[in-house]
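Participant: Reproduced below are the annotations present in Swiss-Prot:
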- 507-514, 557-561, 611-614: GTP binding site (BINDING)
- 62-151: compositional bias 'Low complexity' (COMPBIAS)
- 178-190: compositional bias 'Pro residues' (COMPBIAS)
- 213-230: compositional bias 'Pro residues' (COMPBIAS)
- 231-243: compositional bias 'Gly residues' (COMPBIAS)
- 255-271: compositional bias 'Gly residues' (COMPBIAS)
- 273-286: compositional bias 'Low complexity' (COMPBIAS)
- 329-372: compositional bias 'Gly residues' (COMPBIAS)
- 376-385: compositional bias 'Basic residues' (COMPBIAS)
- 498-670: domain 'tr-type G' (DOMAIN)
- 36-392: region 'Disordered' (REGION)
Amino acid sequence: MPGKLRVHELAKQLGITSKELLATLKDKGEFVKTASSTIEPPVVKRMQEHYGSSGSDKSDTAAKPAAAKPAAPKPAASAAPKPGAPAKPAAPAAKPAPAAASAAKPGAAPKPGVQAKPAAAAKPGAPAKPAAPSAAKPGSAPKPAAAAKPAFSGPTPGDAAKKAEPAAKPGAEAPRPDGMPRPMGKPAPKPGARAPRVANNPFSTGGGERPAPRPGGGPRPGGGPRPGGGPRPQGQGRPGGQRDGQRDGQRDGQGNRGGQRQGAGAGGPRPQGGPRPQGGSRPQGGSAQGGSAKGAQGAPSQERQGGGRRPSPAMMPPTPGQMPAKAPGKGGRGGQAGGGAGGGFNRGGGTGGGAGRGGRRGGTAGAFGRPGGAPRRGRKSKRQKRNEYESMQAPNVIGGVRLPDGKGATIRLARGASLADFADKIGADAAALVQALFNLGEMVTATASVSDETLQLLGEEMNYKVQVVSPEDEDRELLESFDLQFGEDEGGEADLAKRPPVVTVMGHVDHGKTRLLDTIRKANVGSDEAGGITQGIGAYQVKVNVEDTERTITFLDTPGHEAFTAMRARGAKSTDIAVLVVAADDGVMPQTVEAINHAKAADVPIVVAVNKIDKPEASPEKIRGQLTEYGLIPEEYGGDTIFVDISAKQGLNIDELLASVCLTADAELDLVANPEMDAQGVAIEAHLDRGRGPVATVIVQRGTLRVGDSIVAGDTYGRVRRMVDEYGRDVEEAGPSRPVQVQGLNGVPGAGDNLLVVEDDRIARQIANQRNARKRNALAARSRKRVSLEDLDSVLKEHSTLNLILKGDNAGSVEALEEALLKIEMDDEVQLNIIDRGVGAVTQTNVTLAAASDAVIIAFNVRAEGKATEEANAEGVDVRYYTIIYRAIEEVEAALKGMLKPIYEERVIGHAEIRAIFKASSVGLIAGCMVEDGKVRRNATVRITRDGNVIAENAKIVSLRREKDDATEVSAGYECGMVLSYPDISVDDKIEVYEMVEVPREA
């Protein structure tokens, strides 16, 4: 396969300068650096078409004589397909040409004679005809033409000649522009109808590239002897007829190829010829690079005498079974029909017709022919060529960094992905992305988690659409990779069975939610809760009689304090029906509104329980009116929301409330699930029990959970070792809507994490590990503050940071406490950093971490275990214990405010006027002043004004004297002398004395 054409080669072919061609390529949108750059074939074709008009005119003028002259001497045309070659072999083959025989080297005449016949017949029509005029013009041309005819009939009398003539005729119809000038020393370009041979030889790319090699030698007659004994004008460095010996052996008498071409035709490099007079070396000359004198003797008389360019490899169809010679210097394979032995650098490759193709040379790489070395068997596909061509287009450069062009492609990245992840997606270098982002003003390392905005910014610069995958979508894709799905019942309608409703009790703090559940369960839970408020989700399943039918209902009790927003939202998502408890004596409160919004967001029907109607100040009608503003219109007002007036304390109308819940479940909801599938559920709460380990409160939503199942819950996994119901009794299996406490996980899952039964522990571990890694990346991206070059100085300044370690009795409480603390609004000079969080007692590990990071441990409903207390005392670690969440929030907020830098304000304490100035060699200028009001103190800060303009700020009173005695302060109405730190003073200057006083911060 020929090499790619270079810019300067194409410019010579088109007859223009390289500079003009570079300018045209740039106008056409092609990215080419210099004149030595290679050009893809499609671009070459476009340039040839662009300059086609001028090129065609030149070729026509040269083609007309070439076509006209061969028409008359028909025998010459047939004999001159290889102008010089047929004539010379004809001499030994036909006796009428003794001169040719004498001119040929001794002993070499018989071989070329035989070889010449297939060569003459094998000459392709297009290249052959242009050569005919060059042979016909000289007076001696007709004789060798006549002698050439018997030479054609050597291998196959008659037939070969007949086939050779039709093969030559097409050459006349498609004349070669330079065929005529060959004897006159003019250029010998390739046939105009063909594309130029593309190779590394800069002298062989155009039709006009071969003029100089045949200067002053004059036209070589078609029948003239080959310069075996006489000098050849242009081939001084070439022995014999190596090239033409191979060319003559192209086809045998039957038109088949005899020997492979020495160079481009077979894919291997051609031996270089000797130095040519005009600098144009014949690529296939017989100089002894890969061959020896044998090559010259093997085909001495086959040097072609015409000026035509030999055909390019593309024009010569390969003959089956003839492969390129592999060893350097060995002859090619012989022809198929009889004839002389194949000519090459060594012995001929066969006894058949045409000359055998010369062996591969030792490999002259570079400008003369194809590259040296082993032949390249593979060819680039169209896709590879297209990719290379596209890569040559103007690249995407950001700040000197070359980056790929996305061309609008969409890249999906997980939240918290790093630049290394981005680079893997687009096949780029992560270091290049880091440098590009630095040039855009962002400082990020390759492995650090990057915010969504930064990823999208970088993607836009590279023409990529970065799509940050939401955690839900990412988790769904993760499960799909394991052929798992969450949230859908398996099987058909026949597999579904009715399940109990899950009811969440929501409302404002102290409105009676837990007391209502106590009344329903006939238990007393609220009395055991700290501060009388619920600080976690409790799950209970009770059996109640509704209209003489026993029904099972699962209740979830959510906290009402504002810090437990996430718990209420989680409870709403895990439920079928929401019971909104509103105190009749208190009305609609902020958490009431929030609970309404959570229920509406989860598309959950609401039943309103107006509690505390037994109090004298209760006003149920007022509650109905207030809730109407939030879209909860009572049925008696024409709406669809059920309102029930109850008293949880007295137990009034509780049965009516339960009946309303069951009615809503039956009328509005189709509560069914498949109990036979693998269990799926949600962990509504989790905590670390000292004796039992991690314990998760789970509600099974579909399927049946059994002891021994392999489960994954969030980023934790394990096997169900034990299940306990709300009464502490062991259960072996839990069906849909059943709340149970599960033991056996390797850690404490997050509240609200999905629980899924998988095939084995291995799958569970893989899912949990991937979720854990994703969680860490997302947390790191969220907590990392973006640092740009503009705010680098402010970031490097010292800030006051309060480090906290949070420990709680369950995951929900820790989550609520963390979110509440992070919502505290503080100035930028004070930062809150939660370095660790966990469920369970305070351990020695927590104390060690706190001591190393100077952190405070917040223990919520837990105590220190073992020697943790002793270590905390020894290390000076502050451990704070709380049982009510809002007290922890208040103290942390106070601590943050105490860390703020004090605020100072200026307070004026006196004024003085300079009445006289004295000079003292030891101290300089002394100002004699009169204190007008207030006091003047030594070392106080002063402001000096002159004619109403401040001339000195923050000057100091270095020395103060009253009469001749040193004084600490001087009161109004007295004279004094003072030495100021500001020397440029004059009479009548005003001195204002002030001090900076710390003022308390506003709460």
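Easy rule for this one: first residue shown is 1, then count along the chain.
Keep in mind that glycine also has a Cβ here, set from the backbone N, Cα and C atoms.
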Participant: Which of the three DSSP-derived classes (helix, strand, coil) applies to Gly507 (GTP binding site)?
Facilitator: strand
Participant: Enter the number of other CB atoms within 10 angstroms of the CB of Gly507 (GTP binding site).
Facilitator: 28
Participant: Asp510 (GTP binding site) has how many other Cβ neighbours within 10 Å of its own Cβ?
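Facilitator: Taking all protein chains shown, Asp510 (GTP binding site) has 16 Cβ neighbours within 10 Å.
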Participant: Give the number of CB atoms, excluding that of Lys513 (GTP binding site) itself, located within 10 Å of its CB.
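Facilitator: I get 29 for this one.
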Participant: Over the domain 'tr-type G' (498-670), work out the mean pLDDT and round it to an integer.
Facilitator: 80
Participant: Write out the long-range same-chain contacts of Ile613 (GTP binding site), meaning residues 6 or more apart in sequence whose Cβ is under 8 Å from its Cβ.
Facilitator: Ala584, Pro620, Asp645, Ile646, Ser647, Leu652
